[in-house]
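So the structure is just underneath, and the comments pick up after that.
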Amino acid sequence: MGHCFRAFLSQQAILCSRQITLVSLCSGNIIGSGIFISPKGVLEHSGSVGVALVVWSLGGCIATLGSLCYAELGVTIPKSGGDYSYVTEIFGGLMGFLLLWSAVLIMYPTTLAVIALTFSSYVLQPVFPNCVPPYMAMRMLSAACVLLLTWVNCSSVRMATRIQDIFTLGKLMALGLIIMVGLVQIFNGNYGALTPQMAFSMDRTPSVGQIALAFLQASFAFSGWNFLNYVTEEVIDPRRNLPRAIYISIPLVTFVYTLTNIAYFSSMSPDELLSSNAVAVTFGEKLLGMFSVVMPISVALSTFGGINGYLFTSSRLCFSGAREGHLPSLLAMIHYQNCTPIPALLVCCTATIVILCIGETHNLINYVSFINYLSYGVTIAGLLYCRWKKPNLYRPIKVNLLVPVCYLMFWALLLGFSLYSEPVVCGVGLVIMLTGVPVYFLGVHWKEKPMCIYNFTERATYVGQALCFVVFPQLDPIEINSPSEKTGRSPGRTSLSATS
């Protein structure tokens, strides 16, 4: 059982060692459903084709700055959990819990809901070619997809990894086909909408707040650039290989995204793109003729694999939170035979289905992008705080101070104007995050609770164990040290194991 649990904790690292490099791992995790749904939101808020393409390009530059900062944090604080672990280590339990709370309640379930809705939209669009697919049909198909993949992840780690490997081909096939067809269109002279005179012509001049919302829409497509921080401990020579992977993968993704949008605009007018419920399907219908069915199938494969990947990542985050005592201990348990984190997966599945019933796709993207950027900014502010408080801390990677400063300046402007333009959407996200404050003090900070509460928690844990057939993994007898203050040695590593 120990070997199975170690496979659960470092599944993505195993994938890396089996067949893919750090570059393909990073870029493959970024490229997902976002590029198939965000173009509409980016164009809607930016107001013109030219500004939309600029937003896509700058979005990649900002992601590069953020990922360089995360590379420093990843090798300075080598703990699983990414943002949550760094913020907890630097700012303490409350800030870390708020980040975890927003991730569990908003970020991961909302992202899963958006990807699932994209899946159902592309599957149903050929069935309803001249109208929007029925609301209930989309929600029911999305929920069925999430439930199916939750069952797969609960049943077998190996089956989940195989699905991830196979369905990665879907996204590559879809984007490659779009770009090739778009380039053919441009070589044939169909690039009128991309000329400077047409690209930057607009009926209305977008406000700065609208441009900020366009960046939020684009940032959803770039989300995942911090994924390497989940496997930092398994990276060979991270001081050299992490920056190298970042320098290659994120510019590559930015290039692919920009080319994809250019391909869209080579065959679709801005009005056609804005009126489309599934951009890639409309693109295929216009240019691929009888082969247009390939496009919705490819996007559906891509989004299906994306849901599978996010289910695994969210379960790892829940495990890290439960290990720190910030979430119920049941979420740190695994199936006694399959070694899968069933309770954590069920929590994420339930939250996703709830959000599916209450949200609209582009509003959901604004929610998750705002909270994502908020957490990124707090984490990178922690880097600067750590530089100030612990100047002698050993840092295998140390980025130029201008990198986090530039990122935080952009971050402050983006969130400020987003709040001004969409106060309800952003305000609701902040309120949900701040509801974690009383939860933290009642559930985590308050140690002397009445015995009845402990009895109820213990009984609920036993019931959960009985229903899910899960047990605690056994931890190795190690001490988890804070990062070393010495400049000549790297910090201690945390190792985990489980026994039956």
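Note that Cβ sites are derived from N, Cα and C of the backbone, with glycine treated the same way.
The transmembrane segment annotation in TrEMBL covers 20-37 (among others).
Per TrEMBL, the feature transmembrane segment maps to 49-70 (among others).
Feature annotation from TrEMBL assigns transmembrane segment to 91-124 (among others). For the transmembrane segment (91-124), same-chain residues at least 6 beyond its ends with a Cβ under 8 Å from one of its own Cβ atoms are 32-33, 36-37, 83-85, 133, 137-139, 141-143, 145-146, 220, 223, 277-278, 280-281, 296, 299-300, 303-304, 306-307, 310-311, 313-314, 317-318, 321, 324, 326-327, 347-348, 351-352, 354-356, 359, 361, 364-365, 367-368, 371-372, 374-375, 378-379, 382, 385, 429, 432-437, 439-440, 444-445.
Sequence-distant contacts of the transmembrane segment (136-154) (same chain, at least 6 residues past either end, Cβ-Cβ under 8 Å): 112-113, 116-117, 119-121, 123-124, 160, 163, 304, 307-308, 311-312, 315, 335, 338, 340, 342, 345-346, 348-349, 352-353, 356-357. The transmembrane segment annotation in TrEMBL covers 136-154 (among others).
What TrEMBL records for 166-187 (among others) is transmembrane segment.
The transmembrane segment annotation in TrEMBL covers 207-225 (among others).
Sequence-remote contacts of a segment are chain residues at least 6 beyond its ends whose Cβ falls under 8 Å from one of its Cβ atoms, and for the transmembrane segment (246-267) they are 22-24, 26-27, 30-31, 35, 39, 49, 52-53, 56-57, 59-61, 63-64, 67-68, 71, 175, 178-179, 181-183, 185-186, 190-191, 193-194, 221-222, 225, 228, 273, 279, 283, 286-287. The transmembrane segment annotation in TrEMBL covers 246-267 (among others).
Here TrEMBL flags 287-313 (among others) as transmembrane segment. Tertiary proximity for the transmembrane segment (287-313) is limited to same-chain residues at least six positions away from its ends with a CB under 8 Å from its CB atoms, namely 11-12, 29, 32-33, 36, 108, 111-112, 115-116, 118-119, 122-123, 125-126, 145-146, 149-150, 152-153, 160, 163-164, 166-171, 173-174, 177-178, 181, 185, 227, 230, 267, 278, 280-281, 345, 348-349.
Only residues 6 or more beyond the boundaries of the transmembrane segment (334-358), in the same chain, are considered here, and those with a CB under 8 A from a CB of the stretch are 1, 4-5, 7-8, 104-105, 108-110, 112-113, 116-117, 139, 142-143, 146-147, 150, 153-157, 311, 314-315, 318-319, 322, 364, 464, 468-471, 473, 498, 500. Look at TrEMBL and you will find 334-358 (among others) tagged as transmembrane segment.
What TrEMBL lists as transmembrane segment is 364-387 (among others).
Annotated transmembrane segment per TrEMBL: 399-421 (among others), in sequence order.
Taken from TrEMBL, the feature transmembrane segment applies to 427-446 (among others).
By the Cβ criterion (distance under 8 Å, sequence gap of 6 or more), the transmembrane segment (399-421) is not counted as touching the transmembrane segment (166-187), fewer than 3 such pairs being found.
Taking pairs at least six residues apart, the transmembrane segment (49-70) and the transmembrane segment (427-446) share fewer than three Cβ pairs below 8 Å and do not count as touching. Recorded stretches compared: 166-187, 207-225, 427-446; the one with the most Cβ pairs under 8 Å to the transmembrane segment (364-387) is 207-225.
Beyond the transmembrane segment (427-446), the same-chain residues lying 6 or more positions past its ends with a Cβ under 8 Å from any Cβ of the stretch are 93-94, 97-98, 101-102, 105-106, 325-326, 367, 370-371, 374, 419.
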